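Here's what Swiss-Prot has on this protein:
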ACT_SITE  CYS380  active site, nucleophile
ACT_SITE  HIS518  active site
ACT_SITE  GLU520  active site
BINDING   SER13, LYS186, THR187, LYS188, PRO189, THR190, GLN191, LYS222  UTP binding site
BINDING   SER13, ASP146, ILE147, GLU148, LYS186, THR187, LYS188, PRO189, THR190, GLN191, LYS222  CTP binding site
BINDING   SER14, LEU15, GLY16, LYS17, GLY18, ILE19, ASP71  ATP binding site
BINDING   ASP71, GLU139  Mg(2+) binding site
BINDING   GLY353, TYR381, GLY382, MET383, GLN384, GLU404, ARG471  L-glutamine binding site
DOMAIN    292-545  domain 'Glutamine amidotransferase type-1'
REGION    1-265  region 'Amidoligase domain'
Amino acid sequence: MTPLIFVTGGVVSSLGKGIAAASLAAILEARGLKVTMMKLDPYINVDPGTMSPFQHGEVYVTDDGAETDLDLGHYERFVRTRLSRKNSVTTGRIYENVIRKERRGDYLGATVQVIPHITDEIRRCIDEATEGYDVALVEIGGTVGDIESLPFLEAIRQVRTERGPEKALFMHLTLVPYIGAAGELKTKPTQHSVKELRSIGIQPDVLLCRSEQAVPDSERRKIAQFTNVSERAVISVPDVDVLYRIPSGLHAQGLDEIVVNQLKLADKVGPVDLSMWEDAVDATLHPLDEVTIAVVGKYVDHQDAYKSVGEALKHGGLRQRTKVNLKWLEAQDLEGTDMAALADVDGILVPGGFGDRGFEGKVLTSKFAREQQVPYFGICYGMQAAVVDYARNVVGLEGANSTENDRQSPNPVIGLITEWRTATGDVEKRDDKSDLGGTMRLGLQEQRLKPGTLARELYGKDVVAERHRHRYEFNNRYRTQLEDAGLVIAGKSMDDTLVEVVELPRDAHPWFLACQAHPEFLSTPRDGHPLFIGFIRAARERKAGGKLLQEVRA
């Protein structure tokens, strides 16, 4: 039976439960434990795949093709465990499972209720996702007091009652606001949040107190007194200048020791090694170079929509001790302009997206990068924009477009995928009348790279695997025509049916590469990702006037 750490949040949302949980997981992993993580989301959607990026932020994709909450991206960037569909559960999925069982007759005619049927299904999902690990962290989305969260909170209360404190620990993240007019921190919101939690039968073992500044010992004692939590388990989590400081900050206050002692893990752990995180902090604070990258997207007003892209760019800089400044630009705003907003950047990245809004701005961005010799990295929709630009402006295919945006295009160089293999090798089919949810090409897919290409050089091997999330693809009818005009097809699916990577010859452009996959989902601060590292290096070389640079490793 895997020991569980349940992470809840109070007072307000967006306090950083996911980062806090991932930081603790990183410490426990650094002490030699096999760790996994899980997110329980209280919304009714089956998954976030069809949710607006403006509301929900990024949809993170796992190896097995699950469309999940962006917190799973935090988890995978902080710990080495590769997560799956089991690690992201929503209210919608829980109810879907229960209703399916009821229709099959699994409940033998019983009246199906929240307790015990919904809570039992939640507990079953927790057991399934956490089995076989030394310890698991389970984050409950939302805020204590939300009506949507009640079934999840009741389920974890039951787990604690049955397993006891040595197999289930409650960690509550709360806000300790600083009131500038009074010049002091206020603990009352935390007291009320814990009171709310205790009213439903959950007594926190650990409090993580989020604040603008460190919570002084006097306030920690006060919080401990009013919440029935040990003073040493009231942990201060102030704002930090570098995210990678958090594991060291939590370890310095003994959080991992509290967990190890309560969950009886002492015989499994060794001394902690946080050198990787310390090196990341040092490389971030003491860069040797600096570049500016334009990210031209559709949802830039809500930067969480491109969370993994932003992190992967920073990881690419981290491996070279280079500070990466991000210039977020709305693609639609570039349409009809002279593209002056891109004049001062060292590299351009065009990330994924859906729908016709802003697509022409992405095409113009690709054209600008191609003609002005600016390093260009296109991802998913960014690759499709690059192909459309090349077809229109180099090959001369009038009206070239994606059928996603123009079904009547005379030259549909990007079209709907009607058949493909899933991450497990099964054949999937769809048409333009299929449901939007769960009908894309999703998950980890292998691709073969062409010898002598930039992509092959960056990856350093012939066959690579990347995660995908798309339903439109390069139209093979135009493959030969575009190749004859100079476009390099650098990567294809293993069955040779889908174009995965395109680039320009290096004698025509210093660094122009676009891929259909989402390599940002496999980038971590430990290793970065070869495409992002190569892109940042190209941006550095452009800034240095084309001079080849010595690689500097963090």
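Placed from the backbone N, Cα and C atoms, the Cβ positions cover glycine too.
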Over the span of the domain 'Glutamine amidotransferase type-1' (292-545), how high is the average pLDDT in this prediction?
92
List the recorded positions among GLY16, GLU139, ILE147, LYS186, HIS518 whose C-alpha is within 10 Å of the C-alpha of GLY353 (L-glutamine binding site), in sequence order, or say none.
none
When you measure from the Cβ of GLY382 (L-glutamine binding site), how many other Cβ atoms are you left with inside 10 Å?
27
Can you give me the Cα-Cα distance between LYS186 (UTP binding site) and LEU15 (ATP binding site) in Å, rounded to a whole number?
16
By a simple count of other Cβ atoms within 10 Å, which of GLY16, GLY18, PRO189, GLY353, the binding-site residues in the record, is least packed?
PRO189
Which of the binding-site residues SER14, THR187, GLN191 has its Cα closest in space to the Cα of HIS518 (active site)?
SER14
For HIS518 (active site), what is the tally of other C-beta atoms lying within 10 angstroms of its C-beta?
24
Listed in sequence order, residues with CB under 8 A of THR187 (UTP binding site) and six or more positions away:
VAL176, GLU219, LYS222, ILE223, PHE226
